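Accompanying notes for the structure given below.
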Amino acid sequence: MPSLDPRSLIAMAGVMSLLMALVLWLMRRTYPKSIRGLELWAAAPLLWLLSTALFSLRGRIPDMLGLVVANTLLLLGAMCYHQGTRRFFGQRPAWRPWLLWLSATFAVMTVLTVVYPSYLLRVGFFTVSVSIVYGALLTFLMRHGGGSFPVRLVQVVLVLHLLVLVFRVYTLSQGLGGTDLMDRDPIQTLYISAYTLTTLMLPLGGVLMATDRLRNELEHLATHDPLLPVLNRRAFMEAFKHELARARRSGSGPALLMLDLDHFKAINDTHGHQHGDAVLLHVVERVQASLRSTDVLARHGGEEFAVLLPETPRADAQVLAQRLHAALAQGHALDCTVSIGATAWQGADDTVDAMLLRADAALYRAKDAGRNQTCVG
Ligand SMILES: Nc1nc2c(ncn2[C@@H]2O[C@H](COP(=O)(O)OP(=O)(O)OP(=O)(O)O)[C@@H](O)[C@H]2O)c(=O)[nH]1
């Protein structure tokens, strides 16, 4: 491996850190508040930048600054990244034990720099100290990070970095660690390159994780109802078309239920709009509890819902409709009656529009016939 100039590598890491901090800070200002932890992710590369600046001034400033404070800032940056990641995944930051660990590292580093100067012990101890933080971050991501690409990327970066840190401790123990970080030897170059790459890749991982989260949130907004935990009409129509295309291939088609709350205007007028919203949520929960995981429930309009039942014959759809009437008549304060129009797929020539028309017509018949019942079209 060619031995690059450590100072150039460190300066490069500094510029990258500054850019990544800026990007994360801008994202923090423009992304929805639901995406958390960005401020801590932005603080990490800034601290690494400060640390880098102090490292590169070594020799011209006291060792307390160029070594002890510089290393402490590097460690604090890693801790900020760790706590930002906890926040991002919905957990409270847990600063106390880490700040204690930071203070302990500062104290030990001071002793090993000023009182009993020892390059080997100092580097060995600091390497272990940083490894503990990155190890904790990696463990957290394995448990709570899920399996998205950005999380996998950060995990790989951490594993590689930890491997380099372990290798560094090993080389130190074998007396191969050099005598100064700025030595131009392959092991120092490997260590500083790993550091440079990590200070770039961790914030980049943060940017990717936040963007991935934003994309998921936007996708959810585009496909779900803003008030109720169900799909919106647009997403329902997509699922419906998809299901009919599948039915044409398999020969087994879906049933459709259109479900409309009875006298809902009167519920709103008597008890208020908020109570009306609570009734809607109650209905959705009760209906959802009666469905299979493959069934699709969506809000089709104000107080009208559509239920798509894949591979379901007409008779089974009628049985389910009766179950829904019963599920909404259990004496709960938010129970209300519903009218249901049901229809089933009639073969390869049947279409989304034709099924919707039949279910709608059946729903009107159920309303006309006195409500709180199901008609089949
Ligand atoms: N609380 C609440 N009310 C809604 C919402 N969306 C629509 N509505 C109300 O639902 C009511 C629907 O009234 P109508 O279409 O007259 O139907 P209905 O009173 O249920 O009568 P029938 O359907 O004939 O039994 C209207 O008062 C709408 O304001 C919502 O999100 N929340």
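The backbone N, Cα and C atoms fix where each Cβ goes, glycine too.
Note that the structure is predicted; figures quoted are calculated from it, not measured.
Here is what TrEMBL records for this protein:
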type: DOMAIN; residues: 252-377; note: domain 'GGDEF'
type: TRANSMEM; residues: 6-26; note: transmembrane segment
type: TRANSMEM; residues: 38-58; note: transmembrane segment
type: TRANSMEM; residues: 64-82; note: transmembrane segment
type: TRANSMEM; residues: 98-117; note: transmembrane segment
type: TRANSMEM; residues: 123-141; note: transmembrane segment
type: TRANSMEM; residues: 153-170; note: transmembrane segment
type: TRANSMEM; residues: 190-210; note: transmembrane segment
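Sequence-remote contacts of a segment are chain residues at least 6 beyond its ends whose Cβ falls under 8 Å from one of its Cβ atoms, and for the transmembrane segment (190-210) they are 1, 4, 6, 9-10, 12-13, 16-17, 20-21, 23-24, 27, 31, 35, 37-38, 41-42, 44-45, 48, 77, 81, 84-85, 88, 148-151, 153-154, 157-158, 160-161, 164-165, 167-168, 181.
Among residues of the same chain six or more beyond the transmembrane segment (123-141), those with a C-beta under 8 A of the stretch's C-beta atoms are 71, 74-75, 78-79, 81-82, 85-86, 89, 98, 101, 105, 108-109, 112, 151, 154-155, 158-159, 161-162, 165-166, 168-169, 172-173, 177, 181.
Mean pLDDT, taken over the domain 'GGDEF' (252-377), works out to 96 on the 0 to 100 scale.
Here the transmembrane segment (64-82) has Cβ contacts under 8 Å with residues 40-41, 43-48, 50-52, 54-55, 57-58, 95, 98-99, 102, 105-106, 109-110, 113-114, 122, 126, 129-130, 133-134, 136-137, 140, 199, 202-203, 206 of the same chain, all six or more residues outside its ends. Away from its own ends, the transmembrane segment (98-117) comes close to residues 63-64, 67-68, 71-72, 75-76, 79, 82-83, 125-126, 129, 132-133 of its chain (Cβ-Cβ under 8 Å, at least six residues beyond either end).
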